[in-house]
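> When I checked Swiss-Prot for this same protein, it listed these features:
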type	residues	note
BINDING	GLY83, 86-87, THR91, 93-96, 111-119, ALA123	5-phospho-alpha-D-ribose 1-diphosphate binding site
BINDING	GLY83	anthranilate 1 binding site
BINDING	SER95, GLU229	Mg(2+) 1 binding site
BINDING	ARG169	anthranilate 2 binding site
BINDING	ASP228, GLU229	Mg(2+) 2 binding site
Amino acid sequence: MITPQQAIERLISNNELFYDEMTDLMRQMMSGKVPPEQIAAILTGLRIKVETVSEITAAAAVMREFATKVPLENAEGLVDIVGTGGDGAKTFNISTTSMFVAAAAGAKVAKHGGRSVSSSSGAADVVEQMGANLNLTPEQVAQSIRQTGIGFMFAPNHHSAMRHVAPVRRSLGFRSIFNILGPLTNPAGAPNQLLGVFHTDLCGILSRVLQQLGSKHVLVVCGEGGLDEITLTGKTRVAELKDGKISEYDIRPEDFGIETRRNLDEIKVANTQESLLKMNEVLEGREGAARDIVLLNTAAALYAGNVAASLSDGISAAREAIDSGRAKSKKEEFVGFQPQQRCHFLGKMELG
């Protein structure tokens with residue numbers, strides 16, 4: 001067993017922690033056995049040294065171990081559409097909009113998200129703004145997935161052990177390992193994923209982490225300029241995990257007949273209300289940059305979820321889901337499912 005002090009000494013000497021050591025240390029932190037000042041030192045040491053694939057994998061495995069899981073008989077076909085955040089782009093909720101389009105095209109989406117930390121509007125903020133209930137029990141989330149094809153898991157409801165580290169990570173003022181752990185710890189166990197990251201280096205790193213964690217089909221993407229989505233402004237780096245193997249490549253909007261934009265100004269928003277307005281415009285079929293970026297990201301989600309055979313097929317399916325009105329109806333179905341009785345979970349707690 002490694003003590004927090006031993007871990008700190010290893011990290012400040014620029015030495016990595018072995019998998020078993022990181023597992024043990026993470027369990028101590030998630031159990032409330034490590035004082036805040038030592039948590040701060042550990043997170044700082046990991047950031048300065050740079051977290052390894054092994055360290056991230058161990059930490060994610062422990063977070064999954066401590067999570068309150070969604071009880072599903074079969075999670076095999078589930079796909080998560082999620083981003084790390086931290087890109088500072090202030091775009092509308094692209095992945096949340098894509099959730100409705102993907103579900104309308106036949107995907108089973110188990111989306112894991114929280115409130116805004118660095119963006120104009122977090123996934124949970126916009127889901128709440130549209131009138132949905134964030135505080136579903138795990139059983140109700142499972143029922144939502146079965147009935148509507150969508151389940152939204154508000155992160156604090158499923159990661160109560162984060163209360164031991166959340167105040168420290170918020171106070172640090174810089175990214176820590178926890179910024180990338182959230183997207184790796186889907187409580188429904190979705191084996192397929194479209195994961196947006198804020199730096200191209202993370203594409204290869206997190207695809208290897210998810211490979212070790214047993215994921216099946218994953219696209220880890222980083223748009224030009226550090227956007228944690230597939231972008232419209234140029235190339236997007238993709239690390240794809242499929243059939244146990246990882247391949248890396250670049251894609252561009254014009255590869256799929258979509259116009260490359262000079263900037264993302266058309267899809268930037270100032271708050272949750274503006275984000276929901278932009279989402280509704282897309283779901284109602286309005287042409288423009290917002291629709292195009294949703295088409296690209298939905299296509300990737302459909303491909304990752306094995307609903308589409310390729311990204312090009314995914315574009316066609318996404319376009320048809322919007323133009324037929326099914327994507328708009330899917331959103332209404334999702335919001336309408338939510339039970340009126342609120343459950344007293346940890347709804348006010350933030351993961352970060």
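Just so it is clear, glycine is given a Cβ too, placed from its N, Cα and C backbone atoms.
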> Among the binding-site residues HIS112, ARG169, which residue has the fewest other Cβ atoms within 10 Å of its own Cβ?
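Counting other Cβ atoms within 10 Å of each of the binding-site residues HIS112, ARG169 gives the minimum at ARG169.
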> Only counting partners 6 or more residues apart, tell me which same-chain residues put their Cβ under 8 Å from the Cβ of GLU229 (Mg(2+) 1 binding site).
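Correct list: GLY83, THR91, ILE94, SER95, GLY196, VAL221, GLY223, ILE293, ASN297.
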> Look up GLU229 (Mg(2+) 1 binding site) in the DSSP assignment and report helix, strand or coil.
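The residue in question, GLU229 (Mg(2+) 1 binding site), is coil (DSSP, three-state).
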> Could you state the CA-to-CA distance between ARG169 (anthranilate 2 binding site) and ASP228 (Mg(2+) 2 binding site) to the nearest Å?
21
